[in-house]
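Working notes for the structure below.
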Amino acid sequence: MAHDVQHYNLDQKFEFTAATKKAVFMVLGIGAALLILGIVMAVFGGGHHEAAEAEGHAFHWYERLYANLWINNVYFTGIAIIGVFFFAIQYAAQAGWSTAIIRVMLSLGNWLPIAGVLMIVTFFIANHDLFHWTHAYLFDKASPEYDKIIDGKGSFFYWPMAKGTFPVFYIFRMVLFFGFWVFFFKKFQSLTYNEDLIGGTSSWYKIRSWSAYFLIFFAVSSSIAAWDWVMSIDTHWFSTLFGWYVFSSWFVAGLSTITLITIFLKSQGLLEMVNENHVHDLGKFIFGFTIFWAYLWFSQFLLIYYANIPEETVYFIERLSSDIYGPYIFVNLAMNFALPFLLLMTRDSKRHGVFLKLVCALIIAGHWVDFFLMVQPGTLGHNGGVGFMEVGMFLVYGAAFTFVVLSGLAKGKLIPKNHPMLEESYHHHI
Amino acid sequence: MERDTHFVTGVYEDEDVLLDAITQVRSSGIKIHEVYSPYPVHGIDDYLGYKRSKLPIAAFLFGLLGTSLALTMQFYMMRFDWPMIIGGKDYAAFPDFIPVTFELTVLLAAFGMVGVFMVSTNLKPWAQPRIFDLRITDDKHVMAIDIANNSAVELAKIEEILKSSGASEVNKKSFE
């Protein structure tokens with residue numbers, strides 16, 4: 001063959017230029033403006049107050065702010081950990097095609113330490129306003145609000161302390177998950193960048209074994225994280241495939257983010273060796289896991305709908321029969337399944353930028369709607385909805401996430417030049 | 001001379017030689033009838049200048065047929081032919097139809113695609129395959145050139161080009 005990978009500049013670095021930074025800050029600014037507008041409207045709007053107070057629970061504008069913080073905390077944490085997860089998958093599967101873009105995947109993990117802090121802080125601030133199970137009276141047998149079902153589940157949050165006091169076990173899991181996720185991320189990062197210096201295959205073997213440990217840990221932790229952070233909002237309700245459902249939502253959004261960053265880097269003249277074949281594979285992943293998400297969403301829905309058990313159907317009744325959330329169920333299915341499915345079906349749409357970019361953006365927004373539908377009905381009820389606050393908060397988080405990830409990416413070299421499978425990635429052809 | 005009956009065949013030992021030979025032969029203006037290999041050679045379609053298969057379109061259309069067929073069938077059965085209340089749902093409970101719809105879509109897309117593929121490539125069970133050289137089932141690559149299709153080029157010239165492109169043998173093969 002005429003060319004091989006050594007003809008390319010393998011020491012290339014992504015430069016986070018002032019122009020790019022400006023664009024990111026512009027989005028941040030627009031988001032912040034919308035967010036403030038939303039808050040102002042919520043503070044002075046207050047049309048729902050009397051109705052809410054009649055039910056014995058006054059609604060405060062900041063509850064909506066907390067719910068938005070929580071949606072984006074969970075969503076962007078997921079995208080970040082999926083970057084690390086997909087990186088680990090490449091090593092565990094001994095994949096060669098992806099070698100040129102593995103550092104793009106890993107760079108998403110830069111958000112994890114910040115996400116962890118945000119998550120814990122938001123939990124302590126929002127507490128009762130987000131999680132019904134944090135109320136102590138639910139566990140007090142003498143109280144009229146004593147809840148037998150939540151009492152039965154209480155130990156999962158409060159062990160080893162008394163129920164209704166401090167959720168030690170819950171916080172322990174949150175710290176444990178973020179701690180290990182960040183640990184694995186840092187481990188992968190140091191091993192892959194060290195490979196540039198030492199060469200050989202030892203780094204590859206080391207990352208492969210760490211990947212295996214990470215994948216085992218992630219298999220358990222992602223599922224439990226989904227119960228803790230999302231499913232426990234609707235404390236009475238449960239779904240056995242909820243962990244997978246949240247994971248698939250994260251996965252599609254994470255893949256779309258990886259693809260968008262890859263296309264962006266290519267538009268900057270970097271990653272020349274990544275061609276339409278690699279992009280095609282990313283597109284196929286997105287296409288496939290879009291269907292996977294729809295499969296899980298529908299599996300959860302159909303079983304609940306068909307069996308018609310009140311304690312299960314409550315979840316969908318709360319959403320489908322609500323004027324606020326009902327339409328978004330269909331928006332959710334259209335954005336995350338119907339449109340990507342039809343738009344990405346042909347080979348050309350997966351290989352050439354425009355369509356794929358469009359679908360990636362659609363999916364990233366679409367899975368936000370998915371998390372919006374998981375969090376808001378249980379926390380805000382009829383006081384929720386998509387308004388300025390929601391859009392603003394999403395843009396603020398998105399811009400902050402982009403800034404952190406791109407700064408992280410700019411710190412090291414883009415291509416793992418001593419990776420044993422770099423040549424294979426260069427010749428990837430489908 | 002009749003088309004599709006008389007061929008010149010070049011026998012190649014190595015896949016890299018073969019791929020270079022295809023480029024050479026095509027650039028000298030000779031139309032290649034087909035190349036036979038004992039195993040799939042990666043990227044050979046691009047060298048031969050083959051267009052992408054239109055099979056996915058057939059798959060999509062058959063899938064669409066499966067979807068509509070399944071929905072019509074279930075809707076007709078459950079609403080008109082033999083209405084039944086199952087699990088307290090409406091007769092035509094749309095979510096219940098999705099699993100069957102999915103299965104029939106996949107089934108018809110797959111069967112339709114296989115059928116179209118077999119028809120379009122003449123792979124019917126009673127088809128008599130034309131073997132240009134028995135060794136293509138073992139360890140040789142064979143490039144077949146239809147003589148009638150290349151009447152602009154002299155036969156001797158074709159043979160010469162095949163030889164110079166790295167063919168270990170150049171033979172003639174005719175079919176009834």
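Keep in mind that glycine also has a Cβ here, set from the backbone N, Cα and C atoms.
Listed in TrEMBL for this protein:
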- A:23-45: transmembrane segment (TRANSMEM)
- A:65-89: transmembrane segment (TRANSMEM)
- A:101-126: transmembrane segment (TRANSMEM)
- A:166-185: transmembrane segment (TRANSMEM)
- A:212-230: transmembrane segment (TRANSMEM)
- A:242-265: transmembrane segment (TRANSMEM)
- A:285-307: transmembrane segment (TRANSMEM)
- A:327-345: transmembrane segment (TRANSMEM)
- A:354-375: transmembrane segment (TRANSMEM)
- A:387-410: transmembrane segment (TRANSMEM)
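Of the Cβ pairs linking the transmembrane segment (A:166-185) with the transmembrane segment (A:387-410) and spaced 6 or more residues apart, fewer than 3 are under 8 Å, so the two regions do not touch.
For the transmembrane segment (A:212-230), the residues of the chain that approach it from at least six positions outside its boundaries are 70, 73-74, 81, 84-85, 88-89, 92, 119, 170, 173-174, 176-177, 180-181, 184, 188, 242-247, 250, 371, 374-375, judged by C-beta separation under 8 angstroms.
For the transmembrane segment (A:242-265), same-chain residues at least 6 beyond its ends with a Cβ under 8 Å from one of its own Cβ atoms are 14, 75, 78-83, 85-86, 101, 104-105, 107-108, 222-227, 230-231, 271, 274, 278-279, 282-283, 285-286, 289-290, 292-293, 296-297, 300, 336, 353, 356-357, 359-361, 363-364, 367-368, 370-371, 374, 405-406, 409, 414. Of the Cβ pairs linking the transmembrane segment (A:354-375) with the transmembrane segment (A:101-126) and spaced 6 or more residues apart, fewer than 3 are under 8 Å, so the two regions do not touch.
Across the candidate stretches A:23-45, A:65-89, A:101-126, A:285-307, A:327-345, the maximum count of CB pairs under 8 A to the transmembrane segment (A:387-410) is reached by A:23-45.
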